[in-house]
Each structure stands twice: as C-alpha cells, then as structure tokens.
Amino acid sequence: MARKTPIERYRNIGVMAHIDAGKTTTTERILFYTGVSHKLGEVHDGAATMDWMEQEQERGITITSAATTCFWKGMDHNYPDHRINIIDTPGHVDFTIEVERSLRVLDGACTVFCAVGGVQPQTETVWRQANKYKVPRLAFVNKMDRAGANFMRVYEQIQSRLKAHPVPIQLPIGAEDKFEGVVDLIKMKAIHWDDASQGMRFEERDIPANMVEDAKSWREKMVESAAEANEELMNKYLEEGDLSPADIKQGLRIRTLANEIVPMLCGSAFKNKGVQAMLDAVLDYLPSPADIEAIDGEKESGEHAERHASDEEPFAGLAFKIATDPYVGQLIFFRVYSGVVTSGDTVYNPIKGRKERIGRLLQMHANQREEIKEVRAGDIAAAVGLKEAVTGDTLCDPADVITLERMVFPEPVIHVAVEPKTKLDQEKMGIALNRLAQEDPSFRVRTDEESGQTIISGMGELHLEIIVDRMKREFGVEANVGAPQVAYREAIRKSVDVEGKFIKQSGGRGQYGHVWIKMEQNEAGKGFEFIDAIKGGTVPREYIPAVQKGLEETLPNGVLAGFPVVDVKVTLFDGSYHDVDSNENAFKMAASIAFKDGMRKANPVLLEPMMSVEVETPADFMGNVVGDLSSRRGMIQGMDDLPGLKVVRAEVPLAEMFGYATSLRSATQGRATYTMEFKHYAEAPKNVAEAIISKK
C-alpha cells in the first residue's frame, strides 16, 4: 500500500498547558475544526472527547495522553491536506510523567497560556521538560475573553520566567468581553470569526484605525526575527526594508525549528476564536518528522546507530503508552521512527529480548478507533497483541535490531498502604494494581516484607487517589487507604575506608571473602556508583560482580531507619581470597558487611523530599499563607503579583504538606489554590530525623 500523506505533511504535536489554561477545550476545537467531532465537547459539562476516562470527566482535568489523528487544509483551504497526530498531555502536576513521555514521541508542541494567569508553575515544569527534549513550540494565549486578560503581560512573562524568545505573529483586537478577533501581522489584516458557524467561517477586514501604529511596530519586530534566520533573508530585508509573507514564514519556521523563537498567537477556544489560525501556524512553523534529526540508538554489539524518518529504512518504533481498552484489551501506543509495520508482522523487543506478533493496528480518535493495515515512518498508532512491551520499550525489525534511547522515570515520593475492603478481593486487587503499574511507570506496587501490607507509591496524593479510584471503577475493587508515608532516604557525609570479612573455615568446604572499600558521598542525584580499583588481582576478576551485587542488595536498607541509601560512591581497592574456600557468595557477604559498617562510620544522615510549592492567594490572606508555610518548615523563595492575587513560592518538606489542601481552604475561605511538585532531597534537621528514627 502506498503512502497516502507525504511525510513532509505530517505533524506530531502535543498540546501542553497549566491545569486551567484551557488545553482540553483547545484540543476539542482542533478536533471540531478538522472535522472529526461534530458536537463540541465542553470540559464544563464533562463531555470533552479527549478526556475519556471517567474520573477526568468528573474532575475536569486531563489524565491520560490519548493520541488522535486528524486532517487540516488550512483555515482558507489553501494548504494541501496535512495529517496531524495530537498527543493529549495532562496539565496536572502529579502527572508530569505523562507529559514527559508524550514529549518523547512528539515533534512539536502548542503551549496554551491563560491570558489571565499567564505563566503558571506547571507551565514552567512542562516548558523545562520540552527544553530537555528540544521540542519546537508555538505559544497560544487562550481565554482572551476573560476578565483580566492581558496578552502583553503573558508576552513579558514568557521572556522573564521561561527565558524564551516569543515572537507575536498576531495581536488581539480588544480584550475581556470586548475581544473580537486578531490582527494577522503577516497579512496585516484583521480576522473576525463568525459566531453563528461556531467559528467555521471568518472574514478579513481592515485593521482598526486605533491599532494600525501598534500593528506596524510589532510587524517590524516579527520581520526582523524572520530575517535573522539566514544571510539570504537578512540581505533581502536590508535591501528592500521588508520581506514577503512567504519569506517571513520561511524565516520564522527555520528559527522555530532551531528552538530560537516561539511564534505567539492568541484567541479564545471557548468562544471559537483563534484556534483555526493556530492550526495554520502548526503547518507553517512546527516540524514534520522529516525535519527532525535522526533518532539515536544502539545495535546489539553496543555500537551507535541511528534511524531516519524514511519508509525505506528498517522498522523501528517506541512504545510510549499502555492503555486498557474494554473491547480489545491492552493497547500499546507507539511512534514509528523508521520503516513500515503491517498488522500480522513479527517485531522484536530488544529490551525484553523477545519477538512478538502485532495483532491488529488501530488509530485512535480519543476513544473511538479505526482499524488500519499498516503504519509508516513518522506516524503514531496503537497495537493489539503485544504482551511483553511496556512504556519506553523499543519495537524493531528482528532482522535489524536497534535499541532506542530509554526514557528515564522519576522515583515516587509518597507511599500509602492499601488493603481491599473484603478479603475476597485480595487477589483481584493485586491484578488491578499490577495492570495499573504497567500503564504508568511512575506508579509502583510492592509488598512490605515485615507487615505483609501492599504499599503503593506515586508522585503525589492526587496521583494515588486516582489510582485507588480507577481500581474501584475499572476492576470493581474497593480499598481502604492508610495514612501517606514519606519516601525518606539515607546518605553519608564523610569518606571512610572499611574492611569486610566473611570467613567460615571449620572443616569441609569453607567460606572466605575479604574486601576493603572506600565509601564517599556522591553528587546529589547521582545515586550509587561502584568503582573497581583492584590492582594485582587481590580480589580475582570473577568475584568483582559479586562484590557489586552484595553492595547493591544492601542499599535498600540503611542503618539509621532502614530507608534506601542514595548518592554513595564505593571503590573496591583491596582484599584477599582463598584458592579453595572463596566463592561468589562469600564475597557478596563480605561486601555487605563492609557497607553496613561503613555506613555507621561515615556520618549517616536522613534525607527528606522537598517540594516546590506555589500558592495563589488573594492579597488579604497573604499573611496567613506565609505564616502557615513557615510553620510547616517552609522556606519562602519569592513572591509575585497577579491581578488581585499574590503568588507565594516556597520550598517545603513533603512530610509537612499532608492535608495542606484542607488547611489552605480554611485559612483563605477557599479562595486560594496551590500546586506542588517534587524538587530534590535535602538533609532533614536533627530533631526531625531523630523523631523518624525513633519510630522505626
């Protein structure tokens, strides 16, 4: 089957935003204008097409990134048909893992900003993640019709807070309830969308007289930005003093793809204004798979390899999401980076070392599906029938194996114990939790060896609430949830050299393991590092992996209160062995003995997770909020002003934040909101550490 849409006309994009910037409504409008959904879904009444899990509809927040395919020919039908795959990303801070994993497989993004709230905490997090994956993006300033809307303030915040270079290609005509449309700075025309057709039709008019000067000066800035793309455009601009619309678009495209600028547009998705022009900007400025650098990976031999976005290359894809569908079972969403895959093909998963057969291939529109026969380079689809694959796994041609770069997922910071309400549901709960952990790599399940309880861990209270909620809805298991527990860690603060001996030689086959190790503090976040510095074979080569294993098996249980040990560098530098009695187990035990002894001597400390907290509160309650955060051992990092609101930024230990939502509501009559995300681990003060250790 030949390719229907040339790869240059593909756009794989995400819509990213802070929780209330209007991301879901914006995505809904995209689906409406591209002709996929005929009734506009509104988040306000819980009917949005993309939010297809029930809880999302209740809470009005987007949780799972669904991938949807749609087509666009331009607002004026003046482009050839383009195929846009939209990966819906959540805007709630407990779900940053979902955002991270969708960013991994998209080529460009539309960041939605609220014209009133501007750059909010979650926007900064998502922006940092997009920088990490070098994703080119557009900025869409939404909610221009709301009281307090201010396009220029958002422009300044993108510069000051996100350290980005926004280039407005539109200006709003009016604001708040007077918002009528936009000035297109490339055409120098005013665009008004027609309310009766829900924005399907529009007309171009002259720019309002009171805006002409402003529009000229912003156009000048935009043309200068475009001219800086290359010498040819710069020379044209210097000679002629202007650039043609095609040249402006070319220059802005080059610079957007290089992540030098962010084209900036505006509108009100809810009022059906502006999203249509944003779709045109997706075609004009965001990359096709062919514009993206080849993806890196490695061959089985460990050599570096890469794949280009071409049908001619061997098949390689990345599984980025697992979802359970009530009708077809487990779906694996994957992005094809190179080659072609057909339903019925056998693919190889190098991470699991297994071949698997792809049953059916589906393309999704939110949660409706269309069966397809094949999927080609640059496209996104869902496969049925893959039993082994999980998020982050590579799928490739068995005849040409490549492993694409793995995704790195953060460690959970909060634990709770769960037990089924009825003993009969114990097994059912185990199945449900394992299925949910497969779908979400930032959620973990384990059984506590001492108490026998089931412990679930995640990125925040909301994250775990939703897991418990899904268990009830999707698997019919009701659970009781214990009080949340903080994921403390242990570390060392001084370097020590220690000896570990495991010797049993009383007749018969004995045991003999003997090591000297140096333990020192590693850089924060570096984790455990093992260095083999044995000279002259004092510990034979074949026992060195056993030493490392002995150390790694001791890490989960520190000496202070049994918490995992992090950020420690261990160098094996000496030891001895016995020709007959030495074996792997003896060296493993010797390493473990040395490590425990070293921990006690190396000034062990307790680390606690610190959270970055932002509170938006009416100015009258500012004192209460700051006082409350300080009483929770919070360090105030700074304050900002928003219209009628104060924003307090603080760093607070997670242990002090439980139940914060309730106390914030009562301290501010329910008028303040907050967001919280994990920042880093920090040493717990002595009195706090002693209290935790004494409880163990």
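Keep in mind that glycine also has a Cβ here, set from the backbone N, Cα and C atoms.
Per Swiss-Prot, domain 'tr-type G' is recorded for 8-290.
Every protein chain considered, the tally of other Cβ atoms within 10 Å of the Cβ of ALA17 (GTP binding site) stands at 29. Marked as GTP binding site by Swiss-Prot: 17-24, 88-92, 142-145.
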Near MET144 (GTP binding site), how many other Cβ atoms are within 10 Å of its Cβ?
29
In this predicted model, what is the average pLDDT of the domain 'tr-type G' (8-290)?
81
